[in-house]
């Protein structure tokens, strides 16, 4: 990993700009607030959270029994948006020793002022030995989230699902486009100056994929040993293999295996099934696996060049090579 500076931060090829902190409480600035304020896919409404946190509720998990107690989560899926967090959450919920709230609480970015008791009430009830989890992908890019989570419990385990940032940006745009067809083209939004090839890193769809920038913030509070990086690509090509790593990281017996998955050719990704084939398979909703719009190959090329140094930094910081450059050269 890059050497630590005397102030504890990590220095790297990105230099001063990469060390720039987001403003307190800032979740990633958008280029045009009009359409970027659109909530995360499957984001939770206040009404849903109010129901989840009400007395006698099941905390958003249909499998949670009415006995046990509500606990603050010991593990969090903190990102990234359009990386595969929903697929990971659904897969880990198949484990009998995991109870996870199905909605996104957004506690550490949007609802922090409501307090830890509110957050605890949103969680499902668990028995001794079971792990409580939640996932909110925007935590990874929220500057205040690492400090807030650390103050809740410094031994919290963190899971980040990462994906080739170019593909992730296009997927992010595709999601927004499906809800707001009138927005400008991807090519227009991606550049500050198309002629000069200047990428607009202030656009959230681009900025989220600068993983090294965001990870630097988390490493001020958490050691790498408490953060697991899951490959969004391998979650599709080898879901059982990635889930084995997740279960090991959480200290769980490897119960979610290849028997739990089958490949859905229509959607183009794996779906969950019960190993005994006793119920219908569970596939992610129609909002997942959308067809991406065709993007100008020159724009793709420029984005790859933009992300490459940040990807290399991310590989160095994590000690993992996600092979995104190799993946692109194979195309």
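Heads up, the Cβ atoms here are built off N, Cα and C, so glycines get one too.
TrEMBL labels come from automatic prediction, so no person has curated them.
These come from TrEMBL:
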REGION    1-70  region 'Disordered'
COMPBIAS  51-65  compositional bias 'Low complexity'
DOMAIN    73-308  domain 'Sulfotransferase'
ACT_SITE  82  active site, for sulfotransferase activity
BINDING   82, 83, 84, 85, 86, 163, 171, 288, 289, 290, 291, 292  3'-phosphoadenylyl sulfate binding site
DISULFID  271-283  disulfide bond
Close in space, distant in sequence - residue 291 (3'-phosphoadenylyl sulfate binding site), Cβ under 8 Å, 6 or more apart: 174
Overall pLDDT of the domain 'Sulfotransferase' (73-308), taken as the mean: 92
Integer Cα-Cα distance in angstrom, residue 86 (3'-phosphoadenylyl sulfate binding site) to residue 271 (disulfide bond): 12
Neighbouring C-beta atoms (10 Å sphere around the C-beta of residue 82 (active site, for sulfotransferase activity)): 26
Among 84, 86, 171, 271, which are recorded positions, the residue with the most C-beta atoms within 10 angstroms of its C-beta: 84
